[in-house]
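TrEMBL annotations:
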TRANSMEM  48-66  transmembrane segment
TRANSMEM  272-297  transmembrane segment
TRANSMEM  317-341  transmembrane segment
BINDING   ASP389, THR391, ASP992, ASP996  Mg(2+) binding site
BINDING   ASP389, LYS390, THR391, GLU658, PHE700, LYS724, ARG763, THR843, GLY844, ASP845, ARG966, LYS972, ASN995, ASP996  ATP binding site
ACT_SITE  ASP389  active site, 4-aspartylphosphate intermediate
COMPBIAS  447-461  compositional bias 'Polar residues'
COMPBIAS  579-600  compositional bias 'Low complexity'
COMPBIAS  601-616  compositional bias 'Polar residues'
DOMAIN    1018-1263  domain 'P-type ATPase C-terminal'
TRANSMEM  1050-1070  transmembrane segment
TRANSMEM  1082-1102  transmembrane segment
TRANSMEM  1132-1155  transmembrane segment
TRANSMEM  1161-1180  transmembrane segment
TRANSMEM  1192-1212  transmembrane segment
TRANSMEM  1234-1253  transmembrane segment
COMPBIAS  1323-1332  compositional bias 'Polar residues'
Amino acid sequence: DTKKPRLNRGGAWEENPNRHYANNKIKTTKYTLLSFLPKNLFEQFHRFANVYFVFIALLNFVPVVNAFQPELALAPVVFILSVTAIKDLWEDYRRHRSDKEINHMDCLVYSRVERRYVEKYWKEVRVGDFIRLRCNEILPADVLLLTSSDPDRLCHIETATLDGETNLKQRQVVRSFFDLDCDFDPTKYNSIIECEKPNNDLNRFRGYIIHRSGRRDALYKENLLLRGCTIRNTEEAVGIVIYAGHETKAMLNNNGPRYKRSKLERQMNVDVFWCVIILLVMCLFAAVGHGLWMFQYGDKRPVFDVLSPEGTDLSPIMSAIYLFLTMIIVFQVLIPISLFVSIEIVKICQVFFIHQDMDLYDEETDSHLQCRALNITEDLGQMQYIFSDKTGTLTENKMVFRRCTVAGVEYSHDANARRLAMYQEMDSEEEECTSHGGTLPRRDSVTSHQSARVVLRSQSTKSHRRTGSRAEAKRASILSKHTAFSSPMEKDITPDPQLLDKVNECSSQMDFMRFHSQPMSQLPSDLSDIIDFFIALTICNTVVVSSPNQPRQKVRMRFELKSPVKTIEDFIKRFTPSRLTSGSNSSSSSSLITNRSSNRGCSSILSSPSAESTLTKLDEEKPPNLEHTFSPVPPCYSEKAWAVAEGELRYEAESPDEAALVYAARAYKCSLVGRLPDQVTVELPHLGKLSFELLHTLGFDSTRKRMSVVVRHPLTDQITVYTKGADSVIMDLIKPPNTGKRQKKIVYRTQNYLNLYAADGLRTLCIAKKVLTKEEYACWLQRHLEAETAIQGREELLFESALRLETNLHLLGATGIEDRLQDGVPETIASLRKAGLQIWVLTGDKQETAVNIAYACKLLEPEEEILTLNADSQEACALLLEESLHYIQAKFLCSSADHAAKAFTANFAPFEIYPSSSPSSSSVPFMVHRLGLVIDGRTLAYALDKSLEDKFLAVARSCRSVLCCRSTPLQKSMVVKLVRNKLKVMTLAIGDGANDVSMIQVADVGVGISGQEGMQAVMASDFALPRFRYLQKLLLVHGHWCYSRLANMILYFFYKNAMFVALIFWYQFYCGFSGSAMIDQWYLIFFNLMFSAFPQLITGTLDKDVSAETLQQLPQLYISGQNSEEYKPYMFWMNMIDAFYQSLVCFFIPYFAYADSDVDLFTWGTPITTLALFTILLHLGIETKTWTWMNWLSISFSIALFFTVALCYNASCPTCYSPSNPYWTMQRLLQDPLFYFLCVITPVTALLPRYFYRACQGTLFPSPVQVGRQLDKLPAETRRNILSLSRVKVGSPLSTKPPFLSLAKPLPKGSNKTEKGSFPSPKASQGSILQTHDTRKCHKRSQISCAPRFCVGSLQFSGFLPPSKHMHLNGLTGQI
């Protein structure tokens, strides 16, 4: 079913054929005034507990089984449903206000009646309306671009609201409207548009426009402007609305916050089920007891027997059945009705406090942490595996050009390295000033001149890094929004002097040859490769150029404009010999006069003088002043240079890699100065501005891993293909070097340099070119045009067309781009690892780059051995995994050195092993978690096969670190799913780009980094962080607190309700199991709802078992959450037993105290209620770890509320519910000394066992968390001294059983979590990577015994230290 917008000219709206499509009014609210009540109740009854409570309340309306006043029994249910409904209503009202604001925004819509554009609200826009769009306006709907004021028929949009990307994107007028000479007239439009149904794919749009003549033109995503984007750099544009309102792509992508069930909630539901079982057992016991009690009277009915509604006697069996239902009503409190609402309230409060944490605010980007899933905060405290992306997550995604090789010669760019080192030092110095922690370890930092550092420090406020104040930070972020990927560090590249000389020499020679009309083929091949290399860097991209003083204004240049080649006839016409010889100079060498007018978006005045005058002008030009180039200070940082820099062109790149290469070329005076759909203008030294006719752009895709442009070279008139892409694919496409030794040598040397770049952790790209003859191009073009106009399988045909073109390439060179690590990444990974988290990095980068980044961020340690799995087939992969398992088992289980040596030589042949070159590494005890696993994408694809996944998991879980390279988005999600489902562990995935979305959605908790790659990852995530380093506090502190608070609150709820219900149960033994209660029904109903509700909410929101400082400095405390130590199944039953014991004490002490007295039922029952309340609140006091004024206030308020309600109720209700009479009960009790004595003795007796257990546990066998709490109580100085000893280890000794031996069962908790009992060796350099099969090293390592341990309680110190240090630690432990 296709959508066909059709316009009637001047017709009434009723006749509009598009009236059946969705209007543009958006409504994100759930409810209307009429639907709110039924719809909200329906949603609430999806929760089984609510249905149960309503059933119980309604059961109370049945006279034969009712236990309370029916209206009173409804009160708690109505209250709970009302609180939830009010919360939902408030959220919906906020959505309604937001919708109203958006729907009432203005836009210009063409009126058929008035024959002009009139202002209308967004909500009044319809499909088929013509809309006039102006600069900086937001698009109200998905619009097909029909005309633009831009001379090139382009419209620039910013998609920041859609995907977070700040760079500009170009959109093009529909092809058939491209050549309109006059203004677009809507009344003359009579075409039909057919397009696909509305869908949420932002990167796809397919359709056709059918003209009255019958001609069909294809429509692409380049023609569609999406709702929510902002028009930039375009004075005016007109379009027709294709999708409106909820059918727009932006609205179809808007899923709102996600709801997941947490692990704790799943555990809780099991215990709710057990509560139902206990309830039924108690009711059944009471019913049988009542039946037996009635049966003993036989035919003599007792005087108090109640007759049936018909007036007849009830049989004992019927009495028992009715009583069973009555007891369900009486004991209903056992299922905690208020628990569910309390959990929701506490979670909302926890999210609020996490949002308020200023440590999770990033000043540089002015962004906070976002909680997008409100109901899984406690899962953050139970994570076991972290799966992380690398680029943009661990690294900055700020690509800095570092070095390059051209024509087999390497240019090291040492001055540029010093410049980067200065940024490094500046950052670290700023960090020290603001006490942000340690500096970032770089492996090749070079010390710089003192003077340079001073200059840089003085300019630090202009730096792209952290600034001194929030105002500065905001200003920097506003500036950065003008141009993505353009910080000074990325832009201001210091050129290599040797290469710069060659570029100048080459361009001057070319200028000379052009002047003397000599063929360019005479240029030496090494020089022509250099100039081609920089031309490729400049034009082989999709970078948009902005003008200097008005950000977001495109630089206009109009040479002799030619539309791109669209037909074979066009090609023949344009490439006739006369055209190729005579017309080139005038078109390509014309000069550009830029109009610096302040008119928004208007095109500049352009002239096209003759070739002769241009050449004269070029000769008169002086060569550029290169004075700054060799100074140690980046030129941009002198005041004068800064002003110059502000006047330079701005580049709008879609990826940071593209921006880095364009800025690198600009450093060598090869500047991109303009881009049109069919032409790219480049400024070269000596040669001036050259215009390359852009024939085709073959965009980058993840399968080809490269992009190409086809241009006509202005100097040689040759059709040239420039290609850049990943070295793994480009090197395979290079023309076989059988033509000569030179090309063979270049390929060989380039490959060596590529390996060196990767070893330095640089991202590598290869640059290549290919010159096409006219015949080759004509042949390729014919098939390419067929592919472009195909209806079916267009993408596949275009892909094949690109493959046909990109063959037999000529290698020009390669680049190395540095992607800097984010601040604090190594420290964060070290902390998370100490916390028992397994960290896997899944990246699309090549293996060598990923390994080196892994070393830099401390994911891999220098003393670790690395298992590298690279297989070419399924069988080879199976063999490798088998050998890996044998090798690891041999390392674990070798009882003698000989055994280890045999296992090593026999089984380890297929591996590469990377031993440390450090001489001290032999002192490190070899354990399974001293292994790292590196696996590439192809091998991973084999390993994820059903037949091999178990073996892969067995190997991977035995390694301390896992690094998956060259992995696709699908593989990332498959790895996460495999680990989560097979190992039954809690997983967290963190990433920043669209390629991480599937992994984020599959994990238990998904975290998005709001970085430079847009907002797709954030939109799919449960939590969004500005930086990776904030993950440490989010998990170790907030995660730990949220889990601990909720686990204790849930257990406390079960205890509290069971204790209160048991009081009534004990009374049944004294009332013939009749269902009577000695507690007034008002107290029964409101005890949980009001009297004991507030203190537990305060504790659940604010309680902190250990301080944030201690939790971060002792990450091992996180393990308690991983092992669910706060909420184990036995704890539920322990709480139940304790509840029954406390209820016995609270029942029988008053019972014996008032035995043989003449008090009435309520005078005895009211003290029991009071004592139960005191006991429950004191119990909460024992379990509370942190006391604040709010805790004291809530407990005081609860007691005051109880006594106020009791005194008022007892004074005002003498005959409310006859025959019972609660009149003046509390007033009489408060005059009785016995009551006060009971208030002291009963709670103390009831709570003594729990208090004794807690005291013994904390003293004799404290848990790690309790040790942390004891540390918090020490003076600050003492605590810091203890925590500064990095050798403190918390927990039990490690199991000797290797974790990989049993794959069928889940891991023993904690067995593979932390490396306990091993000290890292002194800092060792990574050394060279060697392939070795040295059996002696295994022999040596297998003889190392475990380190001694010293342990008091559970605070444990271990390691390889000299005896004197051991003694010192012993002494310290003794003091603790």
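Backbone N, Cα and C atoms are what each Cβ position is placed from, and that goes for glycine too.
Annotations in TrEMBL come from automatic prediction, not curation.
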List the Cα distance (Å, whole number) between THR391 (Mg(2+) binding site) and ARG966 (ATP binding site). 12
If you count Cβ atoms within 10 Å of each one, which of the binding-site residues THR391, ASN995 comes out on top? THR391
Do the transmembrane segment (1050-1070) and the transmembrane segment (1234-1253) share at least 3 Cβ pairs closer than 8 Å, excluding pairs fewer than 6 residues apart in sequence? no
Fill in the CA-CA distance, ASP996 (Mg(2+) binding site) to GLY844 (ATP binding site), as an integer in Å. 10
Across the domain 'P-type ATPase C-terminal' (1018-1263), what does the mean pLDDT come to, as a whole number? 92
For the transmembrane segment (317-341), which recorded stretch in the set 48-66, 272-297, 1082-1102, 1132-1155, 1161-1180 gives the largest number of Cβ pairs separated by under 8 Å? 272-297
Long-range CB partners for the transmembrane segment (1234-1253) (under 8 A, at least six residues beyond its ends), listed in sequence order, are 1138, 1141-1142, 1145-1146, 1149-1150, 1153, 1167, 1170-1171, 1174-1175, 1178-1179, 1182
Mind checking which residues reach the transmembrane segment (48-66)? Cβ under 8 Å, same chain, six or more beyond either end. 73-74, 76-77, 80-81, 272, 308-309, 322-323, 325-326, 328-329, 332, 335, 337, 340
If I take the alpha carbons of ASN995 (ATP binding site) and ASP389 (Mg(2+) binding site), what is the distance between them in whole Å? 9
So of all those binding-site residues, PHE700, ARG763, GLY844, ARG966, which one's Cα sits nearest to ASP992 (Mg(2+) binding site)? GLY844
Would you kindly check 272-297, 1082-1102, 1132-1155 and say which stretch has the most C-beta pairs under 8 angstroms to the transmembrane segment (1192-1212)? 1082-1102
Measuring Cα to Cα, how far is GLY844 (ATP binding site) from ASP389 (Mg(2+) binding site) in Å? 9
Around the Cβ of ASP389 (Mg(2+) binding site), other Cβ atoms within 10 Å, all chains included, total 30
CB contacts for ASP996 (Mg(2+) binding site) [other CB atoms within 10 A, all chains]: 31
Spacing of the two Cα atoms, ASP389 (Mg(2+) binding site) and ARG966 (ATP binding site), in whole angstrom, works out to 11
So how many other Cβ atoms are close to ARG763 (ATP binding site), meaning within 10 Å of its Cβ? 23
